[in-house]
């Protein structure tokens with residue numbers, strides 16, 4: 001980058017500043033129209049906390065899961081565990097029956113409800129197969145109650161599904177609709193419009209797939225269930241609610257409340273800090289207005305593109321706050337400094353409007369290029385996330401990059417426009433210099449220390465980085481959302497309770513495809529499914545195990561026993577294909593629809609459900625690999641086998657998340673390095689500048705490793721904020737350092753002038769943003785606590801790296817003539 005080229009760009013920014021000042025009302029109108037157009041799309045924004053939301057729509061794993069839901073319904077269950085008194089007593093069963101009926105009648109989007117009240121009771125009578133509810137009537141005598149208890153405890157299907165092994169806990173299991181009701185009413189009423197029209201078969205391409213149950217509908221369902229629970233809760237009838245829909249809803253509500261509350265507190269803290277540092281109202285209003293418009297405009301883009309808010313993308317407002325405040329403060333710092341200088345030089349004799357125009361022109365000429373460079377580099381780094389296998393990370397890369405460029409637009413156009421319009425004046429002579437005195441002295445001392453003791457600074461940094469790297473290699477990956485809640489949180493306690501007493505609040509689904517109609521009638525297939533029950537329950541990965549397995553084999557064994565005088569020895573799979581077909585047909589004709597939950601209509605595919613505890617998501621993948629291997633070994637190569645369901649999605653997505661994030665950060669580092677070299681205009685300095693860029697990330701990972709803090713889908717994304725801030729600060733430092741070094745030829749003087757100019761803005765943004773993020777440490781979710789602590793720490797480390805490490809590197813390299821002078825800058 002030659003001197004002429006750089007100066008042309010800076011002169012271009014100066015001319016742009018003059019153009020904005022002279023046409024400020026036109027500029028304001030244009031910016032307001034852009035903002036209004038984007039903000040108007042915000043009402044399309046939705047929220048998605050589901051596990052399947054981590055996958056792209058065309059991902060084979062998600063396509064398998066969607067096909068499963070279309071065939072068998074939703075696998076996620078709401079589980080109500082009930083204890084407190086003797087389960088098999090008249091008062092308890094009466095209350096259970098009342099609760100069951102009220103849930104059945106008052107829960108929206110409910111597909112099925114199962115408890116001891118309507119548990120499948122299969123028996124034979126005079127050669128007839130009878131499938132009835134367990135509690136057709138509540139026993140009236142002690143003998144009848146004892147007989148009911150013995151029958152229930154002896155039924156292997158009930159065990160760890162509807163009854164604990166010791167019979168002291170029972171459950172109600174609610175399965176929600178797979179599909180959303182959105183649009184159904186319109187479709188139903190719309191049919192009357194065309195009642196006389198000629199009936200035509202629609203093309204398959206014209207048939208739009210029905211949307212699955214939405215987050216909002218899931219929340220409505222959980223709210224209705226909780227209302228019913230509240231009416232039945234008692235000391236002798238304790239009800240706890242668990243299951244992935246419950247955790248997802250609680251997580252969404254808690255994160256929404258926390259993010260709103262702490263985003264508000266962060267803005268309040270930022271406002272206070274900006275006022276203390278600028279000592280003027282415009283220094284508070286203008287940065288916050290610019291940031292606010294950047295955030296809501298970016299959310300408008302998400303709504304316009306139909307990209308929902310997901311767990312990882314919830315850092316977006318915080319990220320844009322960090323980047324937007326930084327850019328605004330850099331521009332305002334130079335503007336106010338120049339405005340005060342012009343006022344002091346003329347003793348206020350010249351018109352303040354002339355001073356303001358000159359200050360705007362100077363500020364854009366001085367910092368416009370650096371601000372543009374930081375935004376372009378940050379956006380390019382984030383855009384590298386767009387190719388990630390995990391959907392929200394890909395979305396974050398695309399949307400965050402768009403948000404950064406919007407922030408650049410508002411900073412370079414709207415901010416100077418508002419400065420032109422607002423009645424901003426310089427302070428009285430002397431007041432500004434006294435308020436800056438302490439900060440100036442501090443910055444000069446830092447500059448002198450970092451250049452004069454450069455070798456010491458580099459040695460200390462090397463030691464700290466070594467310690468950080470040693471800690472970073474100890475970082476463990478984790479994803480266990482319900483552990484984000486406090487230990488005393490009802491959802492976490494309920495999940496732990498169901499996991500420990502009922503052997504599992506989660507499940508994995510295995511699909512067995514024979515590839516031919518009525519293939520499930522083959523005795524060897526059914527017998528293999530039967531053998532797989534105990535084999536699967538024998539798989540033990542420590543805290544991850546199968547507590548309950550269910551398949552069509554259970555229904556067949558029940559039917560075979562019932563049709564053979566209810567004799568226990570006939571609780572087995574028949575050896576005759578024709579007999580299997582007949583018994584399953586009899587079960588279908590009994591009035592029960594339970595068979596639909598486990599086989600398709602062609603009897604070619606079977607569903608095998610394995611209930612298990614809800615454990616860390618990173619543990620599922622190895623477990624599922626062993627599970628699938630067990631099935632293939634038992635069923636042979638002629639039968640296709642694959643797993644799906646929530647546990648499978650969680651296991652597969654965690655592996656994809658870890659790989660995608662690692663890949664994305666490597667790509668981002670390469671892209672940013674290339675951009676730094678291109679924008680700074682020197683290969684060596686561009687490469688060296690990556691050291692202070694990467695230092696904050698390494699130190700943050702080191703802290704996480706040493707204190708045992710896990711790296712999950714939330715903390716993984718802190719690096720994107722670190723990249724944004726570290727790159728911004730480094731570019732501002734390097735850009736101004738090279739300018740002053742070219743002017744003075746002196747390293748010490750160049751560093752001092754750089755820190756006195758742009759260093760003030762860097763210090764301001766660090767103080768403001770670190771305080772804002774540290775507020776998240778008061779959240780009631782541990783992931784937000786970690787997010788606030790680590791982000792605040794990362795911001796401080798980014799500043800220290802650019803205040804001490806970057807100047808020391810420049811000093812050593814210049815003095816040893818390892819880099820060229822800035823004659824071509």
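Positions of Cβ are set from backbone N, Cα and C atoms, glycine also.
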Per TrEMBL, the range holding transmembrane segment, considering 432-454, 455-477, 478-500, 501-523: 455-477
Cβ pairs under 8 Å between the transmembrane segment (27-45) and the transmembrane segment (398-419), at least three: yes
Contact check, the transmembrane segment (713-731) vs the transmembrane segment (359-386), 3+ Cβ pairs under 8 Å, seq sep 6+: yes
Stretch among 262-278, 398-419, 455-477 sharing the most Cβ pairs under 8 Å with the transmembrane segment (359-386): 398-419
Region pair the transmembrane segment (761-779) / the transmembrane segment (315-336), three or more CB pairs under 8 Å: yes
For the domain 'SSD' (685-812), residues assigned helix / strand / coil by DSSP: 115 helix, 1 strand, 12 coil
Sequence-remote partners of the transmembrane segment (315-336) [C-beta within less than 8 Å, at least six residues beyond its ends]: 259, 263, 266-267, 270, 274, 278, 280, 283, 286-288, 290-291, 294-295, 298-299, 359-360, 362-364, 366-368, 370-371, 374-375, 378, 396, 399-400, 403-404, 407-408, 410-412, 415-416, 419, 432, 714, 717-718, 720-721, 724-725, 728-729, 732, 757-758, 760-762, 764-765, 768-769, 772-773, 787, 791, 795
Winner by Cβ pairs under 8 Å against the transmembrane segment (658-680), considering only 285-309, 398-419, 455-477, 687-707: 687-707
